[in-house]
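As recorded in Swiss-Prot:
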BINDING   R30, E95, R134, K473  (6S)-5-formyl-5,6,7,8-tetrahydrofolate binding site
DOMAIN    230-394  domain 'TrmE-type G'
BINDING   240-245, 259-265, 284-287  GTP binding site
BINDING   S244, T265  Mg(2+) binding site
Amino acid sequence: MPASVVLQQPDIPIAAIATPVGVGALAIVRMSGKGVFGIADRAFRKKSGKAFSFEAAEGFTAHVGTLFDGEGMVDEVVALVFRAPSSFTMEDMVEFTCHGGPVVVRRVLAALLDGGCRLAEPGEFTRRAFLNGRIDLLQAEAIGEMIHARTDGAFRTAVTQMQGGLSRRLLEMREGLLQSCALLELELDFSEEDVEFQSREELRGEVIRLQTELSGLVDSYQHGRLLSEGVSTVIAGRPNAGKSTLLNKLLGEERSIVSHMPGTTRDYIEECFVYDKTMFRLTDTAGLRESEEDVEHEGIERSYRKISEADLILYMLDVSGEGFREEAVSAAALCAGHPEARMILLANKTDLVKDSALRIAALETAAGSPVVPMAARSGEGIEELKLLMASMVEGLDKLHEASVLVTSLRHYEALRNASDALHNALGLIEGGEATELIAFELRSALDYVGEITGKVVSEELLNTIFGQFCIGK
């Protein structure tokens, strides 16, 4: 357990519903901590009628019986027994599988709370697993990512992290940093004797090796982010170009208001859809134009901010009127201001003109980006657009197979800080600076790596991480 945090109320067992709330065939209510076997004994009767005690039961065993509360029988249940330290939380645990009706589940939970448990905080079971040493902080976060994964690639990346893939890499780096720090500390302790326990050339080589490893992980975040969060895809264009219609067609539902009146979308709307194993986070933005109205103007400003953050820009033009060539040039200039983003021009309303082929050729020349002709209202061109979107991120779903990926902004920032500290240390070594200064930078890098795995952690950070979990996890 990290020295800076302690387990809250360790003597009070916790209980919570572990399955989604609602109507279902089955549900699970679990409890963990000291005294859970006694609580279970008071609420449970074995179906066979034979005397039974959870205190005496072996771990990893299942028992069929009836659960009671103060009003009588609640439900027939299956009780699973997990004995410390061989449970998820490394504490004694009991899980009751009951029927999935909301009244049944609520009464099962109430019986355990009346018996002496308190209601678990969000993520508290996983938090206890971390604090008791069952998993590190990376693995705890991976559990949350696995639960919320929307694609196979994101799921498999989370599984790799949960199994310790990234943890092992960081542990190896941490051992290297610890070794170098220890040798520098020895030098400081014996400074009067003017000895080097590790030559500066050897230290330089070790720092370069560690920084190269860290830089590789930092660089992997760009792809890891796309796998975990999805490809940020902004639908942009002037008012009444058909942006909201496109969003609805891509989603297959009426999510955005469609109107012939320009300026209907005053703020951006975000939704996700998965195509060819890749998740796209779609943002339907307010139409880009000059506006004197405060509300619409703010929506347009937000549109520009979303465009600046996008991985992919779907710029929609109405080719049924005049000025579309000039707008294509403006769209290209807009995208050029964000070179990390890619753009697809959508030539909408081609069904309303006879010379659509000529107009599309003019767009390709003007913008230098791929052009998809479409009639969004009828759905023409939607499948071609999806194929092009998928081709632009081709191979993303297989990235998890090649290496360990960083998917969390928190991990990315800590790794970048650690890499910066090693960069500073390398400059000090090459400049022949004092041992104290070099040691300070190496210790900083060590602390940043420790922040990721949980070796260096605060109560506030744990509350932020585990507060994003559901109560029963």
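Yeah, the Cβs are placed from backbone N, Cα and C, and that goes for glycine too.
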By Cα-Cα distance, the member of binding-site residues E95, R134, K473 nearest N240 (GTP binding site): K473
The domain 'TrmE-type G' (230-394) [mean pLDDT, rounded to integer]: 79
Sparsest-packed of the listed binding-site residues (N240, S244) - C-beta count within 10 angstroms: N240
Integer Å distance between the CA atoms belonging to K243 (GTP binding site) and R134 ((6S)-5-formyl-5,6,7,8-tetrahydrofolate binding site): 49
Secondary structure at R30 ((6S)-5-formyl-5,6,7,8-tetrahydrofolate binding site), reduced by DSSP to three states: strand
Secondary-structure category, per DSSP, in which N240 (GTP binding site) falls: coil
Structural state of A286 (GTP binding site), classified by DSSP into three states: coil
Nearest recorded site to E95 ((6S)-5-formyl-5,6,7,8-tetrahydrofolate binding site) by CA-CA distance, among binding-site residues K243, S244, A286: S244
